Amino acid sequence: MALCAKKRPPEEERRARANDREYNEKFQYASNCIKTSKYNILTFLPVNLFEQFQEVANTYFLFLLILQLIPQISSLSWFTTIVPLVLVLTITAVKDATDDYFRHKSDNQVNNRQSQVLINGILQQEQWMNVCVGDIIKLENNQFVAADLLLLSSSEPHGLCYIETGYLRQAIPVTSELGDISKLAKFDGEVICEPPNNKLDKFSGTLYWKENKFPLSNQNMLLRGCVLRNTEWCFGLVIFAGPDTKLMQNSGRTKFKRTSIDRLMNTLVLWIFGFLVCMGVILAIGNAIWEHEVGTRFQVYLPWDEAVDSAFFSGFLSFWSYIIILNTVVPISLYVRYVPSLPWGFSRESGGPIELLFSMKMKSLRSNLKSSSSCTVNI
């Protein structure tokens, strides 16, 4: 999996020569290996803890735990805070580890899919992760497209090709007759095109072959993740692989997501903590005044600790003691909630209220007007 994370210099243009891995390797293009998981064995603990302590409540209780370790201000045992905090962190970590395990499993499944690659004039079975830019791949009906391909030829007349969404793709006329393995093995055309980007509806490039150049457009491309339909076979030249494909460019990096409820909870905790600080300040001021006006009379019976040398310092220590005593105004149970069972690949972090709804209209439709005839709601 080391190839998945290999860093490369930024591109200004993409050059891919068919059937010439040695030429293409000098550009250090990404392999076709993908990685959607967030953690590994070494990074799981520090990264997961960092993400969890972005929750204000977790940081708040860690702060309380540190205060409770100071004997001069703590009247409660640190055990009362560390047990529920560790329990909450552990449960969340187990859930995150389980989610990431399935991401690793999915990545391995996708990276180890088989594809027919033309190598040295022979079609060979290769894992998706081993497919490189410039390789020529053969796809058969109902197969997933392994990478972003330039369609070269197909079993249909005029190099036509159908994909799952119903959209029609077509090879350029000069390559549409390259349906024979021997002809494809001799194909040495070079494509110069735009660098990797996330624009699904746009592609511009040029094919240079036999001292001629031919313009390329999005109509000539098969994108990773699509499924070949109603087409017996087709051949394509790999232009973008792995993280450079438009599918992966749009997926972005796996992040720690927060729902609107999480953001609201963080805001509420901050307001409650502000209220707690105000109460602590008022009580600490009252303590300092009492110690200065009245408490000094009881020094014989209730002497100050050795570290306390004034009423002001006594009030300062009392402030932190009140913060600890009144910590239950922010209950840790506020962040412990029931999470129902969800379909694979859909966790609490990826869920949330729907804000935008996208609808796709096929080219065969001329209008998409709908009207509501009736609606019945049972209350």
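Each residue, glycine too, has its Cβ placed from N, Cα and C.
TrEMBL does not curate its annotations; it predicts them automatically.
According to TrEMBL, the protein carries these features:
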DOMAIN    17-82  domain 'P-type ATPase N-terminal'
TRANSMEM  76-94  transmembrane segment
TRANSMEM  268-290  transmembrane segment
TRANSMEM  310-336  transmembrane segment
Under 8 Å between C-beta atoms and at least six residues away from its ends: which parts of the chain pack against the transmembrane segment (268-290)?
56-57, 60, 311-312, 314-316, 318-320, 322-323, 326-327, 329-330, 334
Across the domain 'P-type ATPase N-terminal' (17-82), what are the DSSP residue counts per state (helix, strand, coil)?
31 helix, 1 strand, 34 coil
Whole-number mean of pLDDT values that fall within the domain 'P-type ATPase N-terminal' (17-82):
87
